[in-house]
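K.L.:
Pulled these features from Swiss-Prot for this protein:
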- Asp158: active site, proton acceptor (ACT_SITE)
- Leu29, Gly30, Ser31, Gly32, Ser33, Ser34, Ala35, Ser36, Val37, Lys54: ATP binding site (BINDING)
- 23-303: domain 'Protein kinase' (DOMAIN)
- 323-405: domain 'RRM' (DOMAIN)
Amino acid sequence: MAGSGCAWGAEPPRFLEAFGRLWQVQSRLGSGSSASVYRVRCCGTPGSPPGALKQFLPPGTTGAAASAAEYGFRKERAALEQLQGHRNIVTLYGVFTIHFSPNVPSRCLLLELLDVSVSELLLYSSHQGCSMWMIQHCARDVLEALAFLHHEGYVHADLKPRNILWSAENECFKLIDFGLSFKEGNQDVKYIQTDGYRAPEAELQNCLAQAGLQSDTECTSAVDLWSLGIILLEMFSGMKLKHTVRSQEWKANSSAIIDHIFASKAVVNAAIPAYHLRDLIKSMLHDDPGRRIPAEMALCSPFFSIPFAPHIEDLVMLPTPVLRLLNVLDDDYLENEDEYEDVVEDVKEECQKYGPVVSLLVPKENPGRGQVFVEYANAGDSKAAQKLLTGRMFDGKFVVATFYPLSAYKRGYLYQTLL
């Protein structure tokens, strides 16, 4: 969908018009060499979810930078328009152009607004690593996305933690940033991938390009599997591996280094069966791209058959439309029907201050005994409630508010959360 052009000064205005609607620019989310991303919300449509405005070619950009921005815009637009509809790929709402002056157009993509990135999750879990539940969730979602885009003939070519984001509404991880993507067999990008997540064949190709030499072969979808293997190893270890994967020790025997990482973690938590994850990661990190496991085959790994449960930290970090309140009801309330109904009504009334409540559940038996599960109409209301209810006093006790997987809640599956 293309929108009409509109005037925009050097600084982002509070409002802009696109697609026949007025949009409020609320804040800048981030910026790079060729684009900036802003949080925007459609005015006059109460309850509409916010969006992400990716603006290419910021004011003052000229020359090679301007060409790179235009190229990145065209690449990302083409890829997203062809790959639309997959739940693990960011949704493109539309495309429009802003004119800072008659000769300086700024291309814009309006995208769905996502939540926390894997990069942020790695910072939170530094040194201790992510839970197996989170690693499994992320691995499955990214592999589903890769299997789809590889089937469509695309290579993402810049898979890294910052480009994998959580969707609170869809309760899954999604891929973003297709500015370096290309059609397999038609690699029109010389320099691909980010340092630390770059496959050996891409590293060689980049070195040759810097020397002004042409590579004999093009990179394939296997480069994406290498990047994912490094990301999963970082999530498991809690360590950045940029220097490790560039070391001579890694090049000599990466398998032994992976074994050492898993062995050291096994000492900390021997109860977790991690060998299936280890084998999956190894299958993604063969130096020979021809031996690397394809995404579709990786989804058949026995690692995905293990029913891991989330840690409480996972349910704090990953927003969903469902809120779980702890430390609210004790046994006295649960065993007295009148008091139980009164306190449940009080809790519901308090929760409705943050948005429409679809359902509310307070189990009287385990699992979940005494916990309050609140399903909101959308994740935005749930996030607002979680932020404001955490630490509140209720009947003399501090409330602890976490999120809870909507899919599990709908099935009546109440996890025994790991602490």
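Each residue, glycine too, has its Cβ placed from N, Cα and C.
Give me the lay of the land around each of these features.
P.N.:
Close to Asp158 (active site, proton acceptor) in the fold, though at least 6 residues off in sequence, lie Asp177, Gly179, Leu180, Ser181, Ile192, Gln193, Thr194, each with a CB less than 8 Å from its CB.
According to DSSP, Ser33 (ATP binding site) is assigned to coil rather than to any helix or strand. Every protein chain shown contributes to the tally, and the Cβ of Ser33 (ATP binding site) ends up with 10 other Cβ atoms within 10 Å.
Residue counts for the domain 'RRM' (323-405) under DSSP (helix as H, G, I; strand as E, B; rest coil) come to 34 helix, 23 strand, 26 coil.
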K.L.:
Can you check what DSSP calls Asp158 (active site, proton acceptor), collapsed to helix, strand or coil?
P.N.:
coil
K.L.:
Which has the fewest other Cβ atoms within 10 Å: Leu29, Val37, the binding-site residues listed?
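P.N.:
Comparing Cβ neighbour counts within 10 Å for the binding-site residues Leu29, Val37 gives Leu29.
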